Amino acid sequence: MALSLPQGTVRTVSFASLLFLALIAGVHGRYRHPPMVSFYTRECPEARGIVQSIVKSAIERDIDSAAALWNLHYHDCFVRGCDGSILLESSYYGPAEKESGVPDSPKEIAYDIIDEIKDAIEKVCPVTVSCADILTLAARDAVVELGGPGWKVCSGRLDGFISYANESKFYMPGPDANYRTLVKKFALKGLTEMDMVVLSGAHTIGKVKCSVIESSLYNSSGPCGVDPTLDPTYAMELKAQCPVGSSNLVFLDPTGGDTSVNGSGTVPYPGHRRLLATKSAGNTVDKNYYVRVSGKNAKTGSAGSSDQNLKVRNSKGTLKSDRNLVSTKSGKALVNREAGNSKKGKASAADKENQPFFHDLVKSMEKLSTLEDPSSPGGEIRCNCRSRNVQTAPPPVGY
């Protein structure tokens, strides 16, 4: 059995130690011990502070880093649980998850940030903090940086051995998924219909390639080729940014203001992005995503049905899957709930304005971040987040 360490890196860790970590994984599952918030208090008390500091700096350099980290965490948890499998490079077993080619694949900037965090932690706590834990913490801290709520992150995860592109294609819902498919995909991971609607709120920040939405703008059944569920005025705005064949990016939730001083979409210097973060278009975690998605509906299904179909009109959801959230009676009710404005309880002004979304997001993110796949074979603490230490991963069954 060969030990694979990052090129150019020297580790003072014995082969026996790494093998021991791999073996105990089979006894304790995907965690070294029962997961807890205080897991690294004695082993690596600096870990959480290092993660938070580097995430903050990364977002100051490029505010798009926040959405990239959140998206990376979501992709990781949705396939084999939150085991860092999305971070692995392809191997002789085949293409890894990151090579799946799904339309909203995580951006490389997020991988680079995780590498930076891992390198910093390894200098103070070698082979102690898993890449899976780093990613889970980084996603939470990124959301907080853009005005979102924090949630409890328990640590103690092990890094998975397996990463396959075909599994990502199977589990990840696509940008055009209908409501029934969305509910089904989330149910496969033990997540409820409400979790699905709440976690879709991650589209409050981030961008999408024009190619992903081009069919909704030019090749649909509505006037001028526009998808009839899409708000006509918003469709015109999107067309201006996304001519046919464009490689541009557009905001998933373009609310809150301008992204630049002169409206050109350019930023004169990196620090300026951070100054605009709390008030700029597409860069604030808030409930406006749901307000825009809700649109106007006309009932078309049978009266009294809990899953009554609705004809969506004038929705400003950028993705077809966003607009499909209000295509059923139950989905519309959940979207309206998240777009509400409850001011009960003690909370900051921002929190009060974004309830119950923030409250529900905390609950759903805590569920998402504890997902694991009991069928996966153990784990390890990777020295390099992009490669295994011990090449023991078998080919998946049934693929």
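Glycine too: its Cβ is placed from the backbone N, Cα and C atoms.
What TrEMBL records for this protein:
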{"type": "BINDING", "residues": "Pro173", "note": "substrate binding site"}
{"type": "BINDING", "residues": "Thr204, Asp253, Asp286", "note": "Ca(2+) 2 binding site"}
{"type": "DISULFID", "residues": "Cys44-Cys125", "note": "disulfide bond"}
{"type": "DISULFID", "residues": "Cys77-Cys82", "note": "disulfide bond"}
{"type": "DISULFID", "residues": "Cys131-Cys385", "note": "disulfide bond"}
{"type": "DISULFID", "residues": "Cys210-Cys242", "note": "disulfide bond"}
{"type": "DOMAIN", "residues": "38-389", "note": "domain 'Plant heme peroxidase family profile'"}
{"type": "SIGNAL", "residues": "1-29", "note": "signal peptide"}
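Shown here: features listed in TrEMBL, placed on the structure.
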{"residue": "Cys44", "record": "disulfide bond", "contacts (Cβ under 8 Å, 6+ apart)": "Ile121, Val124, Cys125, Thr128, Val129"}
{"residue": "Cys77", "record": "disulfide bond", "contacts (Cβ under 8 Å, 6+ apart)": "Lys189, Leu368, Ser369, Leu371"}
{"residue": "Cys82", "record": "disulfide bond", "contacts (Cβ under 8 Å, 6+ apart)": "His73, Asp76, Ala132, Leu135, Thr136, Arg157, Leu368, Ser369, Thr370, Leu371, Glu372"}
{"residue": "Cys131", "record": "disulfide bond", "contacts (Cβ under 8 Å, 6+ apart)": "Gly84, Leu87, Ile114, Lys118, Asp159, Arg382, Cys385"}
{"residue": "Pro173", "record": "substrate binding site", "contacts (Cβ under 8 Å, 6+ apart)": "Thr181, Leu182, Lys185, Phe186, Ser321"}
{"residue": "Cys210", "record": "disulfide bond", "contacts (Cβ under 8 Å, 6+ apart)": "Gln241, Cys242, Ser246, Ser247, Asn248, Leu249, Val250"}
{"residue": "Asp253", "record": "Ca(2+) 2 binding site", "contacts (Cβ under 8 Å, 6+ apart)": "His203, Thr204, Ile205, Gly282, Asn288, Tyr289, Arg292, Thr318"}
Of Cys125, Cys242, Cys385 (the disulfide-bonded residues), the residue whose Cβ has the fewest other Cβ atoms within 10 Å: Cys125
Number of other Cβ atoms within 10 Å of the Cβ of Thr204 (Ca(2+) 2 binding site) across all protein chains: 30
